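Asker: One structure, as structure tokens, below. Some questions next.
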Amino acid sequence: MPATILDGKATAAAIRAELTERVAVLAAAGHRPGLGTLLVGDDPGSRWYVNAKHSDCAEVGIASIQRELPATATEADVLAVVAELNADPGCTGYIVQLPLPAGIEESRVLEAMDPAKDADGLHPVNLGRLVLNVPGPLPCTPVGIVELLRRYGVPVAGAEVVIIGRGITVGRPLGLLLTRRTENATVTLCHTGTRDLAAHVRSADVVVAAAGVPGLITAGMVKPGAAVLDVGVSRVDGKIAGDVAKDVVDVAGHVAPNPGGVGPMTRAMLLQNVVLAAERAAALEALSA
Ligand SMILES: Nc1nc(=O)c2c([nH]1)NC[C@@H]1CN(c3ccc(C(=O)N[C@@H](CCC(=O)O)C(=O)O)cc3)C=[N+]21
């Protein structure tokens, strides 16, 4: 029997419908959320992602603030837009689309953002909160993965989870999230220095492949019945290629395909972060009124 597909596209659509109601409540109270995006340069993939985020916003009733700079922009140009978005009361959350052009220091740009408006959960203060396990915006892709597993009833507590990739947006924060008491997974974080990747994958109940190496995870490496989530994004001949080989679906119990799996969930969790930030701001205002 082939694996159950973890349909991120359908799940994200259901989450957007839920968020639409929460945005209507906020808007009625004079707290319409607004998502800002800053796109630097003209990478077609980045442009697609940013446009998709704005059409998601339109669907749920979140206002859009779209800022763009040419690929020739300096770090000072980027920091100026960051300062503007920090000061704009209509912008309740925003993202700086990554990667930034060479020569612009990403960590300095992220550091300059108002952590309360960090819709990506990638500000150093918010990553610190994740480590400390105190409330704050969480990184969208890791939360999207946890939410996708939860909605399909894939057990995480007590499970052996193998994550491949130690990047700042997926692998490393996902390990932190899944090892919280609330999730209670046992996590192994694999990377390019891992001696025997196949041995680790073979023992896993849940595999999250976020390496960006097309076809890295093959059917022979996967324990029968395991959940395999493909988060790798590479482009091969202009098409998106994931980290998971096609035949894994014949061995696994659940598969999150790419595209159609974790990507749409990432975007839904971005909207959720914006709504949560607006709800927090509205609650604070009500307290001081
Ligand atoms: N500041 C920042 N925040 C990000 O969250 C961020 C970023 N920079 N830079 C790039 C990565 C990548 N990323 C994706 C989001 C959605 C899909 C997505 O929705 N993909 C669809 C369609 C893919 C297609 O067909 O092109 C799918 O998987 O079904 C994919 C990838 C967010 N990122």
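Using the three backbone atoms N, Cα and C, a Cβ is placed for every residue, glycine included.
Automatic, uncurated: that is what TrEMBL annotation is.
For Gly165, Arg166, Gly167, Val233, the entry in TrEMBL reads NADP(+) binding site. Look at TrEMBL and you will find 6-120 tagged as domain 'Tetrahydrofolate dehydrogenase/cyclohydrolase catalytic'. Per TrEMBL, domain 'Tetrahydrofolate dehydrogenase/cyclohydrolase NAD(P)-binding' is recorded for 139-281.
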Asker: Can you see whether DSSP assigns Arg166 (NADP(+) binding site) to helix, strand or coil?
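Answerer: Looking at the DSSP assignment, Arg166 (NADP(+) binding site) belongs to neither helix nor strand, so coil.
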Asker: Around the NADP(+) site formed by Gly165, Arg166, Gly167, Val233, which additional residues qualify by having Cβ within 8 Å of the site's Cβ center?
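Answerer: What remains near the Cβ centre is Ile164, Thr169, Val170, Gly171, Ala210, Ala211, Gly212, Val231, Gly232.
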Asker: Counting only residues 6+ away in sequence within the same chain, which have a CB under 8 Å from the CB of Gly167 (NADP(+) binding site)?
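Answerer: The list for Gly167 (NADP(+) binding site) reads Ala210, given in order along the sequence.
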Asker: Under DSSP, is Val233 (NADP(+) binding site) helix, strand or coil?
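Answerer: Once the DSSP labels are grouped into three classes, Val233 (NADP(+) binding site) ends up as coil.
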Asker: Treating G and I as helix alongside H, and B as strand alongside E, what does DSSP give for the domain 'Tetrahydrofolate dehydrogenase/cyclohydrolase NAD(P)-binding' (139-281) in helix, strand and coil?
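Answerer: Breakdown, helix to coil: 54 helix, 29 strand, 60 coil.
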Asker: Would you mind checking how many other C-beta atoms are within 10 angstroms of the C-beta on Arg166 (NADP(+) binding site)?
Answerer: 18
Asker: Which residue, out of the binding-site residues Gly165, Val233, shows the minimum number of other Cβ atoms inside 10 Å of its Cβ in this structure?
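Answerer: Counting other Cβ atoms within 10 Å of each of the binding-site residues Gly165, Val233, the minimum falls on Val233.
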Asker: Give me the largest Cα to Cα distance among Gly165, Arg166, Gly167, Val233, the residues the record lists as binding NADP(+), in Å as a whole number.
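Answerer: It comes out at 14 Å between the most distant Cα atoms.
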